[in-house]
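Notes follow once the structure below has been shown.
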Amino acid sequence: NFSQVTEFILLGLSDTRELQVLFFTFFFPAYAMVLLGNLLIIVAVWTDPKLSSPMYLLLCNLSFIDICCTSVTSPRMLVDLLSQRKTIAFEDCIAQLFFLHFTGASEMFLLTVMAYDRYTAICKPLHYTAIMSRQVCWVLVSACWAGGFLHSIVQTLLTVQLPFCGPNTIDNYFCDMPLVIRLACTDIYVTEWLMASNSGLISLVCFLVLVTSYTYILVTIRVRFTEGRWKALSTCASHVMVVTFFFLPCIFIYFRPFSTFSFDKHICVISTVLSPVMNPLIYTLRNNEVKASMWKLWQRCR
């Protein structure tokens, strides 16, 4: 693509040494918590025959995607926080961009499928086993990964065809489309609209589907059930909170032309660091079956 740039300089979260050390002491435990918490969920689900329903299969896949998604950005961010010169090769930057959107879009689709699973279980309980069989669940999970790959490959191809011949400074701690394509030595008006319509529409549509499904769930609970209403309401509210933390930053970043606003790196921290930390806490620690399975696993390992 006639690019002359061989590496990019990442400015990171701050140029103050004290703040960099402070960020490292916060983000390293957060990343370790994501890895250990989600690995524990995966092992607990796969070793307990009682957790073989589609809901737990989807939860297991969510944990795996969370590990992949946060591992795309967090390790390099942690290394750069302790480094003087923060650079990333052009090829590594494109690879990071690809895997970030691959795992991020796959997680969006999977969260949507999980909301549909909960909607079916609560609103159509008599038909649940027929609608959400294990085979159907695997097909939906495969579709989530395929959709994430298709989305990411489109975004990556739109990026690599741009020529980069001048500035190479990225004001963030990882490579992402809005900041990378700004450095291109050509008019990016059409490209940024294509990218915004792709990423932005996916984020917005998935978010609206999630909100709609949880609204139907809450209405159904209010009409049909009396016992356990507050517990179900609390669970749905916590799920909506996690979904909001994940989707709103994505909608804010991608659902408009990238050159019309200043990029806020602190919003990226919410979706790449805080949201993966909250997922295992909200989706697992509020589930008695998963907690019981984890306790049994701990007892066997002692």
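Note: Cβ is positioned from N, Cα and C throughout, glycine not excepted.
As recorded in TrEMBL, the features of this protein are as follows:
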type     : residues : note
TRANSMEM : 20-43    : transmembrane segment
DOMAIN   : 37-283   : domain 'G-protein coupled receptors family 1 profile'
TRANSMEM : 55-74    : transmembrane segment
TRANSMEM : 94-116   : transmembrane segment
TRANSMEM : 136-154  : transmembrane segment
TRANSMEM : 201-221  : transmembrane segment
TRANSMEM : 233-255  : transmembrane segment
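With pairs at least 6 apart in sequence, the transmembrane segment (20-43) and the transmembrane segment (94-116) have fewer than 3 Cβ pairs within the 8 Å limit; the two do not touch. Note on the transmembrane segment (55-74): residues 27, 31, 34-35, 37-39, 41-42, 45-46, 96, 99-100, 103-104, 106-107, 110-111, 113-114, 117-118, 121, 134, 137-138, 141, 144, 173-174, 272-273, 276, 279-280, 283-284, 289-290 of its chain, located 6 or more positions outside it, place their CB under 8 angstroms from a CB of the stretch.
Note on the domain 'G-protein coupled receptors family 1 profile' (37-283): its mean pLDDT in the predicted model is 84.
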